[in-house]
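Residues or ranges marked as domain 'ABC transmembrane type-1' in TrEMBL: A:144-354. Residues annotated as transmembrane segment in TrEMBL: A:23-42, A:48-70, A:82-102, A:148-171, A:183-208, A:214-231, A:263-284, A:336-358.
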Amino acid sequence: MTVDTAARTESTPLTHRQLPRRIVPVVLAVSIAAGAGLAALVGFSLPALAILSAVVFTVAITTVSGVVEGRRKAVDRLVTTLVYSAFAVALVPLISVVWSVLDNGLVRFGADFLNTSMRNVTGLHDQEAVEGIGPYIGGAYHALLGTFLITALATAISVPVGLMTSIYLVEYGRGKLAKAIRFFVDVMTGIPSIVAGLFAASLFAVLFGVGTRNGFAGAVALSVLMIPVVVRSSEEMLRIVPNELREAAYALGVPKWRTIVKVVLPTAVSGIASGVTLAIARVVGETAPLIVTAGFTSSINSNPFSDWMMSLPAYVYSSAMRPLSGSEPQPSFDRAWAAALTLVIIVMALNLIARLIARIFAPKTGR
Amino acid sequence: MSKRIDVSDLNVYYGDFLAVEGVTMAVEARSVTAFIGPSGCGKSTFIRTLNRLHEVVPGTRVEGKVLLDGQDLYGPAVDPVVVRRQIGMVFQRPNPFPTMSLRDNVLAGIKLNNSRMRKSEADDVVERSLRGANLWNEAKDRLDTPGSGLSGGQQQRLCIARAIAVEPDVLLMDEPCSALDPISTLAIEDLIAELKENYTIVIVTHNMQQAARVSDRTAFFNIAGTGQPGKLIEMDDTTKIFTNPGEKATEDYVSGRFG
Ligand SMILES: Nc1ncnc2c1ncn2[C@@H]1O[C@H](COP(=O)(O)OP(=O)(O)O)[C@@H](O)[C@H]1O
Ligand SMILES: [Mg+2]
C-alpha cells in the first residue's frame, strides 16, 4: 500500500481535482437567482432575466472551475457554456414562431376550415359571427387544393429536369459546358422569388396573352426556384456514390447509361428523394411568385390550366392584408393564422417525410 | 472458353503522364499469370487496359495493341462494353452492389444487361457461380440478404462469383487479397487454383509468396523513379523468376533487397 502511494507521487499524476457533477445545476440555480435580482434592478422582464442569468452563470462557472480544476478545464467549461447559449439563441425564433402560429392558428383550424372554401363568404358573415348572430364560416380548401396542384406540377417539371441535369454534371459533363451549367445553376439559386414569378408571368403573357394567370403559370414560376435546388442536392448525392460501384458494373460489361440507371441512381435514391422533398418544402410556402402568376380566388378551381387558382400563401396574404370586413377584421386574421398553421404543418410533415425516405431507401447492410 | 492475350508495345497515359511504357507480353490461356512490382509501377494501370477499363478515367489514352485470341481490343470498331463482357475483373476492395441482395449481386452481370432468364436457370447460375467461388455453403441460406452484410473475405468471393457468373474468357484480379485476412486469402488462392482449369487468370499481387504459390508465370514491373513510366522488366516461368531471374532488379525485388 505504501509502496503503491510512493510510486504514484513520484510519477506525473494522472488525476487532478474535479468539480462534482452536481455543480452545474447548483451554479445554474444560483445564477438564475442572481439574474432575477439584477433584472429587478433594471426593471424585470423575461429576456432580461435570461440574459443576465446566462452572463452570471458563464462568469461563475468559469471562475469556479478555474480555481478548482485549472485553466484548461475552465476554458472547456467557458466554451461549452457559450456553445449551449448560442444554441438556445438560435432556438428562440423557431420556438416563438411555432408558438405564435399555434396560438393564433388553432382558433379557426380544424376539419371545417380544411373542407370549405371562401365562396360566397362575405364581410357580413364575419360581422354576424363576431356579434354572435351567425357561425364562423369560410375555410381554405380551395387554397389547399391549389397549393397541392401547383406544387405537384412544379415537382413534375423540376424533378426530371433537375435530376437529368445533375446526371449530366456528374456522369458526363467535362470541360466548358459543364462549368457553364454549374455556374448558371448557382446563379439560378440566387434568383429572388419575385423575379421567378415575373419571368413566368411574362412568359405566359407572351404565349397566351397579357394577364393570363393560372395554376400552371404558378408551377412554372416555382420550378424556376426548385430546379437549382434539385440539381444541387442530386448532384451531391450522385457524387458520393463510390466510383468502385460504377467500375464494378462496367467490368461486367454493363453500358454506361444502364450503370447509371440501375446502379448509381438506386444507390443514391434515398438522398435524391429526400433532397426533392426538402426542395418541395422550400417552395411550398413561396408567396410572391404565386401572387403574380396564379392570382387569387375564393372558389375551388381544380384545373391548373385555366382560371385563377388560390394557394395557401396567397390565402394568408389576402386574408391578412385585405380582410373581408373592414370593421371586423379579426375573423379574417384568424383564417390567415389557421392557413399559416396549415402551411407550417405541411412543411414540417415534408421534413419528416424526407427523413423517413432517407431511412427507408438507404442501402441496407443486413447486419 | 479461355483465351490468350498478346500485348505488344503498349503505352498507357493519364493525360500527358506516361504511366506505363512499352509493355510486350503474352498471357497464356488456362494459366495464372502474376504481376509483381513495387507500388506505383503501373500494375493496376496496366491490368485495367486489358479489359478497356482504363479509359473510363477521363483524359486517359492507350497506344499499342492488345490481342485477345488474335483480335485487337483497341481496334477501331471494337465496342469496349463487349470486351468487358468477355474479360471479367475483381478489384482490390470488395465492391458488391449495396442495393442488391446476394442473389442479385451474383446475377448482376445478367440482370443489369437486361438478359431475360427463367427462374430455374437463374437459380442454376447462382448456385454454380457461388459454388465456383467457394461461397455456396455460407451463402445458400441468406441469398435474399444484402451483399454488404457479408464479411470482407465473403464479399470478395461474392465479387468473384459475380465475375464468373457471366462466364468470361479471362479473369483479371487486382490485388484481390490485400484487404483480406490470411484465412480468406487462402480460400481465394485455392479458388484461383480451381478457376485456372477454365479461365485465363491474371492476378496483381503485392505478396511474393502468393505469386509463387498460385501463378504459372510471373511478370515483374519496375519504375526508375517517381514521375517515370513503369516498365515490364522481365516475364518468365514463376519458378525461374523466384529462383534464377534474368535481371538483377528482379532478383533484388524478389529477395526483398528492394521495395
Ligand atoms: N487516376 C489516375 N490519374 C492520374 N494518375 C494516376 C491515376 N491512377 C494512377 N495514376 C498514376 O499511375 C502510376 C501507376 O499507378 P498504379 O497503376 O496504381 O500502380 P500500382 O498498381 O502498381 O501500385 C502512378 O504514378 C500513379 O500515380
Ligand atoms: Mg494497384
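Here the Cβ of each residue, glycine as well, is placed from N, Cα and C on the backbone.
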Which residues, given as numbers and ranges, are at least 6 beyond the ends of the transmembrane segment (A:336-358) yet have a Cβ under 8 Å from it?
-> 97-98, 101-102, 104-109, 113-114, 140, 143-144, 147, 270-271, 273-275, 277-278, 280-281, 284-285, 312-313, 315-316, 319-320
Contact set of the transmembrane segment (A:48-70) with the rest of its chain, CB cutoff 8 A exclusive, min separation 6+ beyond the ends, reads 16-19, 23-24, 27-28, 30-32, 34-36, 38-39, 42, 77-78, 81-82, 85
Long-range environment of the transmembrane segment (A:214-231) - Cβ separation under 8 angstroms, sequence gap at least 6 = 146, 149-151, 153-155, 157-159, 161-163, 165-166, 169, 185-186, 188-189, 191, 193, 196-197, 199-201, 203-204, 275-276, 278-280, 282-283, 286, 289-290, 292-294, 301, 303-309, 311
Distal contacts, the transmembrane segment (A:23-42) - CB-CB under 8 A, six or more residues away | 48-57, 60-61, 64
